[in-house]
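The Mn(2+) binding site annotation in TrEMBL covers HIS28, HIS76, ASP159, HIS163. Look at TrEMBL and you will find 3-84 tagged as domain 'Manganese/iron superoxide dismutase N-terminal'. Feature annotation from TrEMBL assigns domain 'Manganese/iron superoxide dismutase C-terminal' to 90-192.
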Amino acid sequence: MAEYTLPDLPYDYAALEPHISARIMELHHDKHHATYVKGANTALEQIAEARDSGNLANINKLEKDLAFNLGGHVNHSVFWTNLSPEGGEPEGGIKDAIDEQFGGLEKFQAQFTAVALGVQGSGWAVLGYDQTGGNLTTFQLFDQQGNIPFGVTPLLQLDVWEHAYYLDYQNVRADYIKAFWNIVNWKNVGERLDAARS
Ligand code: MN
């Protein structure tokens with residue numbers, strides 16, 4: 001069975017400073033993301049053991065563990081590539097889609113910011129492509145895996161778990177979200193949209 005592996009960051013720990021500190025990036029990638037990868041592999045192993053032994057008493061708990069940890073692995077893998085020291089603005093297909101769906105970048109940013117700001121407890125703000133309707137849409141993602149319907153491909157994700165910003169911004173999540181807009185890798189977001197549409 002395939003094992004999940006921790007991807008390298010596509011830049012140095014300090015590359016996103018001053019918006020996100022090297023210390024946060026190091027802890028977030030090397031400790032938090034690594035723990036989700038390990039948890040997903042452990043859950044897979046335990047599900048295989050349960051199947052082999054025929055003792056399926058814990059199967060639903062194990063599958064919930066898998067969903068949570070695999071969610072954490074997928075979310076962080078998208079998030080790292082959504083960020084770049086260069087920043088910039090959307091161009092091409094992603095720009096057109098944002099203009100059409102949200103009435104422009106400013107309106108999209110206001111909506112996404114409100115989504116991120118309003119996450120209760122731990123979770124994410126997500127811009128996704130809805131395969132069913134062919135629309136761009138925003139969602140809150142609860143914890144690592146809740147509140148997203150099937151058929152939505154993530155394009156842009158912002159981690160608003162406290163571990164993502166507390167060392168730099170303490171309780172002021174709004175400042176972290178504001179800083180995030182300086183380091184969005186719109187090229188990556190656009191490539192994800194092109195892939196989702198093809
Ligand atoms: Mn995180």
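Just so you know, glycine gets a Cβ as well, placed from its N, Cα and C.
Within 8 A of the CB centroid of the Mn(2+) site residues HIS28, HIS76, ASP159, HIS163, the other residues of that chain are HIS29, HIS32, HIS33, PHE79, TRP161, ALA164. When DSSP labels each residue, the domain 'Manganese/iron superoxide dismutase C-terminal' (90-192) comes out as 46 helix, 26 strand, 31 coil, counted as helix, strand and coil in that order. The Cβ of HIS76 (Mn(2+) binding site) has 24 other Cβ atoms within 10 Å, all protein chains considered. Around the Cβ of HIS28 (Mn(2+) binding site), the same chain contributes HIS76, ASP159, HIS163, ALA164, each under 8 angstroms and 6 or more positions distant in sequence. Averaged across the domain 'Manganese/iron superoxide dismutase N-terminal' (3-84), pLDDT for the predicted model comes to 98. Shown are the binding-site residues ASP159, HIS163; the one with the most C-beta atoms within 10 angstroms of its own C-beta is ASP159.
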